[in-house]
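S.K.: When I checked Swiss-Prot for this same protein, it listed these features:
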type    : residues                                                                          : note
BINDING : Arg24, Gly65, Lys68, Thr69, Thr70, Glu131, Asp132, Tyr133, Arg174, Tyr184, Arg221 : ATP binding site
BINDING : Thr69                                                                             : Mg(2+) binding site
BINDING : Arg294, Arg313, Arg318                                                            : DNA binding site
REGION  : 4-184                                                                             : region 'Large ATPase domain (RuvB-L)'
REGION  : 185-255                                                                           : region 'Small ATPAse domain (RuvB-S)'
REGION  : 258-334                                                                           : region 'Head domain (RuvB-H)'
Amino acid sequence: MIEADRLIQPQDLGQEDVIDRAMRPKLLDEYTGQDDTRAQLKVFIEAAKKRGEALDHMLIYGPPGLGKTTLANIVANEMGVNIKSTSGPVLEKAGDLAALLTNLEEGDVLFIDEIHRLSPVVEEILYPAMEDYQLDIMIGEGPAARSIKLDLPPFTLVGATTRAGSLTSPLRARFGIPLRLEFYNVRDLSSIVARSAKVMDVPMDEGGAEEIARRSRGTPRIANRLLRRVRDFAEVKHDGAISRAVAQSALDLLDVDSEGFDYMDRKLLLAIIDKFMGGPVGLDNLAAAIGEERETIEDVLEPFLIQQGFVQRTPRGRIATARAYSHFDLIKPD
């Protein structure tokens, strides 16, 4: 499996969630990027508040590290309600979910991260809860067992997933508001880096923010992580201020190149170019060649490489594009 301490991996590393919490926007007006999603949410939230109703159930999906948890908390703040957070793997038994549902107050947000990993038993409990605000529970065992219905207050379920295609059709159909998060552009990510630096009281100019953003793979979580490491470098090697030159030196030292690639990205690209003559190469062969799992390539390595035009996914397999060759100062054969 991929190394857990990979600097540019989009998943949370240990205590990062606690550290990042202080840097997260609390309201939609503070939220940068994802313009279409933000505009839609603003309308949906305002409409629900005008009607005095709970917001419709919402599914937020997209690559990791783009702010799904942040958006769920913003929704709760904008609606003026509480949020209870959990994740799919934690909800092992129907009783685990029932305990959460019965403690919700009217309008509250229940946030389930990695919702695609819910067990079928737990998912069955969700259906009537989402549709009718009712909880079906079994009392007793064997022939004497009976089902009773408990009424639940209207609530908003916010599900987050990196694998929307893995959700069952019945569950996916019950979300009235599907929102896809995209990778951030450099301009929006620069604004996020600048905001985080201000929260951290780190002096930084526009060039420094842009350089960190440019190497952050379009992902706020990675940008904030790189900002913390560049801050360390600036404090020890310089006067504490982050300029473009300081950011470049620090990130070069950390082996994060100008495109935001580390050794794993370069390993994947070079495997396609050198071992498979540029492709096409099947996913299983590529996974074996670089010593990684299929899921790691599909969920972690590939999305950004494809989105940035370095890898093309075809029915016959993965192909390295001319841009991938150019990154290594190579010329793609005709």
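Positions of Cβ are set from backbone N, Cα and C atoms, glycine also.
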S.K.: Distance between Asp132 (ATP binding site) and Arg318 (DNA binding site) at the Cα atoms, whole Å?
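M.R.: Asp132 (ATP binding site) to Arg318 (DNA binding site), Cα-Cα distance: 45 Å.
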S.K.: List the residues in the vicinity of the DNA site, defined as same-chain residues other than Arg294, Arg313, Arg318 with C-beta within 8 angstroms of the site's C-beta centre.
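M.R.: Residues close to the DNA site, other than Arg294, Arg313, Arg318: Gly282, Leu283, Leu286, Ile297, Glu298, Glu302, Val311, Gly317.
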S.K.: Can you give me the average pLDDT across the region 'Head domain (RuvB-H)' (258-334), rounded to a whole number?
M.R.: 93
S.K.: Tell me, by DSSP, whether Arg318 (DNA binding site) is helix, strand or coil?
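M.R.: Looking at the DSSP assignment, Arg318 (DNA binding site) belongs to a strand.
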S.K.: Which state, by DSSP, holds Lys68 (ATP binding site): helix, strand or coil?
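M.R.: DSSP call for Lys68 (ATP binding site): helix.
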S.K.: Over all pairs within Arg24, Gly65, Lys68, Thr69, Thr70, Glu131, Asp132, Tyr133, Arg174, Tyr184, Arg221, the annotated ATP binders, what is the largest Cα to Cα distance, rounded to whole Å?
M.R.: 37
S.K.: Closest to Arg318 (DNA binding site): which of the binding-site residues Lys68, Thr70, Arg174, going by Cα position?
M.R.: Lys68
S.K.: Look up Arg24 (ATP binding site) in the DSSP assignment and report helix, strand or coil.
M.R.: coil
